[in-house]
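Reading through the structure tokens given below for one structure.
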Amino acid sequence: MTPREAVAALPAYSAGKPPQAAEGFTPYKLSSNENPLGPVPAAAQALRDVSTLHRYPNPGAESLREALADQLQVPFSDIVTGAGSLGALTQLISAFAGTGQNGQKDEVIYAWRSFEAYPIVVRTAGAQDVAVPVAEDGRHDLAAMTEAVTDRTKTILLCTPNNPTGPALTHTEVTEFLKTIPQNIVVVIDEAYFEFVRSADPVDALALYREHSNVVVLRTFSKAHGLAGLRVGYAIAQPAVTDHLRKVAVPFAVSAVAEAAAMASLSHIDEVHQRVETIVQERDRVASALADAGWAIPETQGNFVWLPLGSASVDFAQAAGAQALAVRPFDGEGVRVSVGEPEANDRFIQLCRTYSGRPGLS
Ligand SMILES: *Cc1c(COP(=O)(O)O)cnc(C)c1O
């Protein structure tokens, strides 16, 4: 069978692997940026209490959107939910970028390396991806992204903090960037990890969406809320964008259990923030231990660290695997390691102290 041309040429998405057993080691999965603490107890309970499994869920996840609208102080109609923020992003790209009647492809600009799903979502829609290399320090090269804009550009994806390299954009940077971008180009701010940011000038994406009709904020319950297994995320944008998003919505994308758990998590947001703070402290502990051990890694603002190991990436992942730590290698580039349980982080730190294959070390 022959799939569409765009699909035939796609790279396969490779999800983070589970850890392999190793004698004497408790296995830990540090390969998918999951929340090691899990959801708040109220969220786990809420999904057990759902008694309408034989009914279709709310078509537009109305209850969850009402709760979000109330908490974020945005209009209900400016929120579009999806099966994870990846679901919301897929919806957005399919609404705004593809192949035109004349056979010309719309262009979608993003930084690279960034979230592995971007090229797949963009190319599946029939659009052309334009990958702008991140700078040496793992940060978006916003000037180069502005320069990459053409009259075919339909959408720009900003990932902050950037998965997998770690740094977050600043509010000043994004504000200045938006001034350089034509108003008819949709600018997505993918904030999958915004809860973990501790910087002096954090992006206030909601303020940017209020000011700009072309800005879309993407958020998820997968990371800070610890609900990756349920698949729930959302986009926030003005009607100029959401009117089109609704046309391509997958009906019932958010399940009844996902909606119930997400609402319970929102109503215990202080507890969620406490858990996030615990992970942030572990992250900072890991980052400073690595710095003490002589590793130069990019600033990390998410729940993961990036080791720019280049050609040693796969070897490092194998060394971690031998100690039952699953990490995420990107061959020839680096290794992303999620912040996990303290024991997992200790083992990872110890491995970094003793690992001898680092390029540049003799
Ligand atoms: C994890 C992640 C997402 C979203 O995941 P969902 O589980 O689909 O909500 C989106 N963007 C980035 C950059 C991520 O790392």
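Glycine residues also receive a Cβ, built from the backbone N, Cα and C atoms like all the rest.
Record features (TrEMBL):
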{"type": "DOMAIN", "residues": "29-349", "note": "domain 'Aminotransferase class I/classII large'"}
{"type": "MOD_RES", "residues": "K223", "note": "N6-(pyridoxal phosphate)lysine"}
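According to DSSP, the residue listed as 'N6-(pyridoxal phosphate)lysine' is assigned to coil rather than to any helix or strand.
The domain 'Aminotransferase class I/classII large' (29-349) scores a mean pLDDT of 97 in the predicted structure.
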